[in-house]
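Reading through the structure tokens given below for one structure.
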Amino acid sequence: LSEGRAAPLVLLYLLGLRVLVQLSHRQLLSRPSPAGPRDFSAPRARGYLDNITAIGPRTVGSPGNEVLAVNYLLEQIRAIERESTDAHKLSVDIQRPTGSFSIDFLGGFTSYYANITNVIVKLEPRNGAEHAVLSNCHFDSVPNSPGASDDAVSCAVMLEILNTLSKSSEPLQHAVIFLFNGAEENILQASHGFITQHEWAKSIRAFINLEAAGVGGKELVFQTGPENPWLVQAYVVAAQHPFASVVAQEIFQSGIIPADTDFRIYRDFGNVPGIDLAFIENGYIYHTKYDTSDRISTDSIQRAGDNIISVLKYLATSDKLAKSFEYRHGNVVFFDVLGLFVLAYPARVGTIMNYITAAIAFLYLGKRVLQPKTRAVHNMKKFFTAFGLTLLSWICTLVAVLIVAAFVSLIGRSLSWYTHFYVSVFLYGTAAAAKLILVHTLAKKFFYKNVNEQHLGDFFFDASLMIWSIALAVITQMGLCSAFICTLWVAFPLLTKLMIHKEFSQKGATVKFVMMYMLGMFVPYLYMMYLSWTVFEMFTPIMGRSGSEILPDVVLAGFIVVITMILSSYFINFIYLVKSTKTTLVTLTTVFVVTLILVCSGIFFPYSSDAANPKPKRVFLQHVSRRFHDLDGNVVKSDSGIWINGFDYNGVSHITPHVPEINDSIRTPCEEQAPFCGLPWILPVHFMFRLVKNWYLPAPEIFPRSPIHFKVLSKELMPWNNVRLSFEVSGPSHMSLYVRPHEGSSLSTWSLGDGTPVASLGGDYFVFYSHGLQAAPWHFWVELTTPEKHSDGIVSLAIAAHYFFGEDQKSPQLSALLERFPSWTFSSGWSCTYDLFVF
């Protein structure tokens with residue numbers, strides 16, 4: 001087979017798979033069914049969505065969140081209640097909990113909340129119900145964003161589901177509790193207040209959590225359980241347009257994505273199993289001003305509504321719900337097939353299948369290598385040489401492409417593909433493919449001179465099969481459900497080899513052989529393309545908000561290399577079967593070199609302000625006034641400035657031409673003696689940002705109209721030479737507390753969380769505080785074990801007040817600076833004060 005025929009065949013094959021994947025992701029394979037008179041109505045849900053987002057940003061503590069949004073929800077719920085049938089009883093409650101908990105998210109910190117708001121509705125049979133399923137959304141938003149996808153659309157969907165179910169004449173077997181929680185963006189506070197304090201929480205046996213990591217599209221089931229395979233089965237049976245992946249679950253729960261949901265709270269604090277769903281499309285505008293209701297299609301709302309109402313009805317009429325704890329046995333492997341249906345089976349069954357598949361592959365390979373016995377040593381040598389060369393080619397490819405990615409980052413051209421994703425494929429994909437082909441071409445030319453090409457192709461196929469079989473056994477041993485992918489890459493190639501073994505043994509490959517070969521590989525290749533498209537759709541936007549510590553080009557290049565290695569694993573043997581790879585190598589190299597030159601020239605600008613499809617750069621600005629006090633309470637240092645953080649690796653290099661005063665001469669200094677470098681972090685994300693990529697622009701001091709009040713209530717000497725310090729704080733809705741025990745001292749206990757202090761990365765302690773309306777002053781105490789001599793104090797404690805809304809949010813200087821930022825940025829700004837004390 002000539003290169004001129006083989007390469008186009010493989011390319012057309014992969015392009016055909018890519019088209020199928022794109023069709024499924026554009027939802028052409030799962031159109032929503034038309035709404036009947038009592039079905040979920042997307043237009044009505046859109047009305048709810050438009051009205052919620054019309055309120056504007058709904059930050060916890062703001063009138064928009066605590067009054068306007070709550071009043072709107074109550075108004076709609078009351079209207080739904082008036083039209084409900086006699087088959088149901090509808091109860092409404094407003095909860096305003098106060099509480100505290102510690103969490104290991106973002107390196108670990110403690111959260112305290114006071115008087116936040118939950119709107120809770122219970123729909124149950126007329127005679128009541130002992131058990132319930134929970135549906136959760138949140139109506140609050142991050143500052144400066146209307147929060148349409150995150151998470152107003154979910155609340156709109158829930159309102160319409162409540163409306164639909166309440167009008168049904170068929171009574172439910174169990175209750176459905178709808179929680180519209182008002183403080184999720186404050187790191188899961190409202191869900192904690194509900195599940196640990198509300199009386200209805202005791203009846204909940206399962207939950208569905210509705211979230212977003214993007215804007216619209218399909219909603220992905222990315223977490224289930226823990227354990228409880230019956231819940232996955234409920235989704236499999238009931239969901240009309242399924243989209244689910246255990247791979248997404250294991251990626252998310254590994255912690256490599258800097259995000260979390262209320263799922264964690266219900267799982268860890270309520271011991272309740274559930275299903276976590278999220279919109280993942282277009283994550284570029286997630287948590288920005290562009291997250292508006294008009295960007296969410298009616299089809300997307302209809303699809304989500306169809307799925308969620310079906311699953312809720314299934315659970316609310318299931319006998320298993322009442323005894324959910326009896327079905328808590330083992331994990332489950334689940335994945336959808338192009339959005340058409342979901343395959344799900346117990347993980348223990350998967351483990352048996354995986355080991356059997358690996359064992360059959362090892363037996364086949366053993367027979368191939370050891371027979372005939374007279375050539376066993378020769379065969380083993382050839383086989384392990386092919387095995388080693390395959391691994392070597394992968395390592396060389398990975399190193400080479402990562403060097404290119406690091407070079408692009410160092411010359412300041414990082415994220416050139418952020419707006420133009422095809423650039424990453426042309427740059428890193430072609431480099432990976434060319435390097436892979438080059439290594440094997442050189443091996444064929446110099447190492448395998450005068451060796452039968454057909455036998456070489458055979459050995460390299462077997463080498464790839466061996467690698468996948470080892471991966472299958474290892475990943476299964478690790479207990480990962482994602483091992484089913486390896487099963488696909490072992491079972492189908494092995495079956496293909498067995499079915500066309502005669503074609504394999506012919507001298508020289510034919511077009512017929514290639515067509516039969518690719519047909520046999522159709523399933524693993526199609527699924528891998530489908531899965532990789534989902535992964536790239538999720539991860540590419542995340543690179544624009546992953547902080548300045550991570551090199552996004554290196555991460556994305558690594559992903560592309562891994563996908564290239566996977567997709568090429570059973571095409572490596574073609575390199576040894578075709579007569580020449582010269583044309584393919586020249587073509588790939590030319591595309592790579594041209595793309596690299598264009599990237600280095602800066603022609604591909606990373607960001608976009610396109611009204612239809614914006615991909616903005618995220619920048620956070622805080623106008624801060626800082627005061628540092630000594631042991632006697634005297635101010636020994638004070639300053640004021642606008643603290644600037646770029647949320648990606650590029651920092652503000654693209655902004656400096658527009659705002660020249662933001663440049664390398666105003667790098668943020670670290671106050672070494674203060675916790676968290678003396679900076680007013682709203683969350684403990686300091687490990688994601690380099691101070692060399694922070695900027696501190698001098699600015700006049702700010703004087704908030706509602707300043708923070710911080711005072712020491714008492715200092716007590718406790719047993720065992722401990723000291724207890726008690727404090728009272730009152731201030732805006734968001735405050736951060738930072739604690740650093742001095743050398744020789746240690747923080748032994750405090751009044752927060754469960755009483756055990758949880759340190760953040762770096763050893764300092766972080767407390768995130770928020771309150772709703774009319775909250776009482778915050779009282780807390782810390783207890784420290786101290787040395788006998790502590791002339792320089794035993795602890796440094798700092799408090800920052802953050803003004804996210806109202807008249808104190810933006811100073812005139814901050815507003816003027818924000819207006820100068822280019823249109824392709826999303827710049828979120830607020831004012832804050834910072835005070836450090838030593839005790």
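In case you wondered, yes, glycine gets a Cβ from its N, Cα and C as well.
As annotated by TrEMBL, signal peptide applies to 1-26.
Among the features that TrEMBL reports, domain 'Peptidase M28' is placed at 118-311.
Summarising the annotation, TrEMBL assigns transmembrane segment to 352-370 (among others).
In this model, the domain 'Endoplasmic reticulum metallopeptidase 1/1-A TM' (380-600) carries an average pLDDT of 88. As annotated by TrEMBL, domain 'Endoplasmic reticulum metallopeptidase 1/1-A TM' applies to 380-600.
Annotation source TrEMBL lists transmembrane segment at 391-411 (among others). Tertiary neighbourhood of the transmembrane segment (391-411): same-chain residues 427-428, 431-432, 435-436, 439-440, 467, 551-554, 556-558, 560-561, 564-565, 572, 596, 599-600, 649, selected by CB-CB distance under 8 Å and a gap of 6+ residues from either end.
What TrEMBL lists as transmembrane segment is 417-438 (among others).
Taken from TrEMBL, the feature transmembrane segment applies to 459-476 (among others).
Annotation source TrEMBL lists transmembrane segment at 482-501 (among others).
Positions annotated as transmembrane segment by TrEMBL: 513-536 (among others).
Sequence annotations record features per position, and here TrEMBL assigns transmembrane segment to 556-578 (among others).
Here the transmembrane segment (585-607) has long-range neighbours at 404, 408, 411, 413-420, 423, 426-427, 430-431, 433-434, 437-438, 441, 615-617, 650, 654, 824-825, meaning same-chain residues at least 6 beyond its ends whose C-beta is under 8 angstroms from one of its own. Taken from TrEMBL, the feature transmembrane segment applies to 585-607 (among others).
The domain 'Endoplasmic reticulum metallopeptidase 1-like C-terminal' annotation in TrEMBL covers 614-837.
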Folded-back contacts onto the transmembrane segment (417-438), same chain, C-beta under 8 angstroms, at least six residues removed: 393-394, 396-397, 400-401, 404-405, 408, 536, 540, 543-544, 552-553, 556-557, 560-561, 564-565, 568, 572, 575, 581, 584-585, 588-589, 591-592, 595-596, 599, 604-608, 615
